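The following features are taken from Swiss-Prot:
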- Leu91, Val92, Val93: acetyl-CoA 1 binding site (BINDING)
- 257-259, 264-270, 296-301: acetyl-CoA 2 binding site (BINDING)
- 336-348: compositional bias 'Polar residues' (COMPBIAS)
- 12-156: domain 'N-acetyltransferase 1' (DOMAIN)
- 169-330: domain 'N-acetyltransferase 2' (DOMAIN)
- 320-348: region 'Disordered' (REGION)
Amino acid sequence: MSSDIEAPTSLTSMRGALPPAVADDVRALHLTTVRHDGVPPLSEQPLLWLSDQEAPVVHVLAWHAVTGGAQELVGYAQVDVGSSTTARAELVVAPGHRRRGTGRSLLAHAAQEAASIPGRRLHVWAHGDLPAARATAAATGLVVVRELWRMAVDVTQHPPGAPQLPPGVAVRAFVPGQDEDAWRRVNARAFAHHPEQGRMTSADLRARESEPWFDPAGFLLAERDGQLLGSVWTKVHPGSEAPDGAPGEEVGEIYVVGVDPDAQGLGMGRALTALGLAHLRDRGLRTVILYTGAENTVAVHTYRRAGFARTAVDVMYGPPPAGSPAHGTPLVRVTDTPSSPGDATMGS
């Protein structure tokens, strides 16, 4: 997120999958920004949705005219409009094209998309919780509504304990083409109140199974009498992309831990986390990360007991709660000229 003071050349928007060349442009913009800022401006799901025809999103693209009549992609926003109550956006602006109104224009368009359903709120992720992001949020009437923590542990210093599974529970690896429906049912129940994870569709799961990092051997299912009770899904980040590790070091991730509500209270979450940590340690990894909501104090306490410490924070901004002095103030007045002082961008 950064200040902008001059408008971009043009904005276009579309639904469905982006044309392959445009999707590649967005990925290139994302990687350029990662190298510049040290923080990924877009999370995994928006990147997967770039090429998903059924994704419930609006793509907003900011273009800058270059020599010969060609156009260069200098900004991108993705607005998740799959909910009737909250639209969620992630934004990125090219480092060399900031302070030109691009971010403000993208944010204004995102606000318009959210407002297509009366009363729907716009929430915007700002990855890294940088000081500039907080300043921009304050200038545009946004407040923090959620924090997502990245936590990390050195498993050579904090080796995982032996998993204490309930009697009769057996663990096996996920079988592609066989276990998707059962896993999705338990995942939806386990994350019924989670705004992103609980909505994972068959297409979302298939997209992850097609990713280079997917390894069914690291996707462990806990069953009793053939009934799925929970799972731990791990991931390995290559050294060129890994957060929190030494340069070039592969880093493991406890990607998803889910327990069916009927199996909660049996210590399944702790046991599954220990299984995931042991799997990643046995692969020769030293650093393991995970992401958890700051509001999930029980999980945070469990992870800290296992040696995890907070290493990064992503922040979601949204309108002030009802009853606060700023309640009712627009996030962005979409009639504002993009070149007005104080223009800003999220995720850049």
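Placed from the backbone N, Cα and C atoms, the Cβ positions cover glycine too.
Counting Cβ atoms from all protein chains shown, Val257 (acetyl-CoA 2 binding site) has 24 others lying within 10 Å of its own Cβ. Here the CA atom of Leu91 (acetyl-CoA 1 binding site) lies 32 Å from the CA atom of Val259 (acetyl-CoA 2 binding site). Per-residue pLDDT, averaged across the domain 'N-acetyltransferase 2' (169-330), gives 89. The Cβ of Gly267 (acetyl-CoA 2 binding site) has 15 neighbouring Cβ atoms from other residues within 10 Å, across all protein chains displayed. Taking all protein chains in view, 20 other C-beta atoms sit within 10 angstroms of the C-beta of Gly269 (acetyl-CoA 2 binding site).
Val259 (acetyl-CoA 2 binding site) carries a strand DSSP state (E or B).
Counting other C-beta atoms within 10 Å of each candidate's C-beta, the binding-site residues Leu91, Val92 are led by Val92.
Separation of the C-alpha atoms of Leu91 (acetyl-CoA 1 binding site) and Asn296 (acetyl-CoA 2 binding site): 26 Å, rounded to the nearest whole number.
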